[in-house]
């Protein structure tokens, strides 16, 4: 019997598929990554080829094992984390998708969403799925495929078609069609899953004309779903033992498994999740209620808020404003001035996300005086990321009644020490940056490792989650509140721009 020394995390993202091998000390041993094609058939439409997703993901698994010289019989289990909401429908007899995957960013089902609102279902959807009515989620995408692909509706009614988010599709392919399953975190992003009963919501399936027979079985995020022989030699079968959507996997990888623990992922936008434990909190402040993972990978509730423009606003300074040659330089220039000199940048380029949800707001720079230079604008742009994060955290605290004790952070922008310190100052809480920033892959690996007994419990992993640096707040309260009031006024200016346009 060969000793099983490793866990593999498959990280299927929006632009690339990755495979990450971890050892027993949660060190990353090997990584392999492949990008795949983004398909834009019409303005606002985004698709992927499901077969290409599977091909890139399975090849990274084989490649990363080969690169590290690790045999498949040394792998204790596989954890999967994935881009959420992206929708795949396939024929279970042929194994072929009936249409491309409709990606989470795709806006083609806006009309269907309007009809759901007109039918008075907004409140029902919020109460029972935790979500707002939006094309972002899977439900209306499934309906679109059944309504628009020739023969799909008939085949679905005849029980020939299956639906899955990306995790479900990968597991189905990796087990040669033996296992049709998803986990609670992915199911909670479909807009047809009832987060109170933890069952598919038959009322919403009926409303969208989706047969229940298409839907996968829903299980916890940490258990053995099936086995795969991909990368296996001589009949080796590797258990697939963990599944979580990318943001929930990051929350778990950051060890935010107890009520009141929260993380912020600073990517193109920012994704904030706060674990609310066994208590479902319905937001009155524009946040989503979703399912996350408790200590053993069981379902727990969370609040989620998204900021549209995080790192993307730094790219704007570089690409459009030409104020930076490299995004990394933003920290250097921001620290060349002591303050932003009363300048606020509101990067509402595509409207404002949580908690405002104002699609018509537009970007503004306010408070300019003759003494303002490019460094002030760079600094104010970085500050805007921290202010927007506070907007969401304030909403989370108001909804849940839970005071945040510390914020865990991950994503590209966390390397910016100025931003992290300012974030701590604005929130008046400590900001913890982990040493291993691959927290999404870590989360998937932890979930799989716990299910197969590779690790005994999260407490065994706690000492592996080493903090690289903690940023402590060090500004007086009066200054903090004064600055934040200025930000709120600046946001009103961004919103008023659209309102004034209506009056013309």
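Using N, Cα and C of the backbone, Cβ positions are placed for all residues, glycine too.
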Name the residue, out of 226, 311, 367, that Swiss-Prot lists for the same ADP site as 14, 18, 268, 412, 416, please.
311
Per Swiss-Prot, 84, 85, 246, 247 bind glycerol; matching candidate in 40, 124, 136, 301:
136
Neighbour tally for residue 311 (ATP binding site), based on other Cβ positions within 10 Å of its Cβ:
20
Could you give the Cα-Cα distance between residue 14 (ATP binding site) and residue 84 (sn-glycerol 3-phosphate binding site), in whole Å?
9
Does residue 16 (ATP binding site) have same-chain partners at least 6 apart in sequence with Cβ under 8 Å from its own Cβ, and which are they?
33, 34, 35, 36, 56
Can you give me the Cα-Cα distance between residue 315 (ATP binding site) and residue 247 (glycerol binding site) in Å, rounded to a whole number?
22
Setting 84, 85, 136, 246, 247 aside, what same-chain residues sit with their Cβ within 8 Å of the center of the Cβ atoms that define the glycerol site, listed in sequence order?
83, 86, 104, 189, 245
Please name which of the binding-site residues listed here, 18, 85, 247, is nearest in space to residue 412 (ATP binding site), Cα against Cα.
247
Let me know the DSSP-derived helix, strand or coil state of residue 315 (ATP binding site), please.
helix
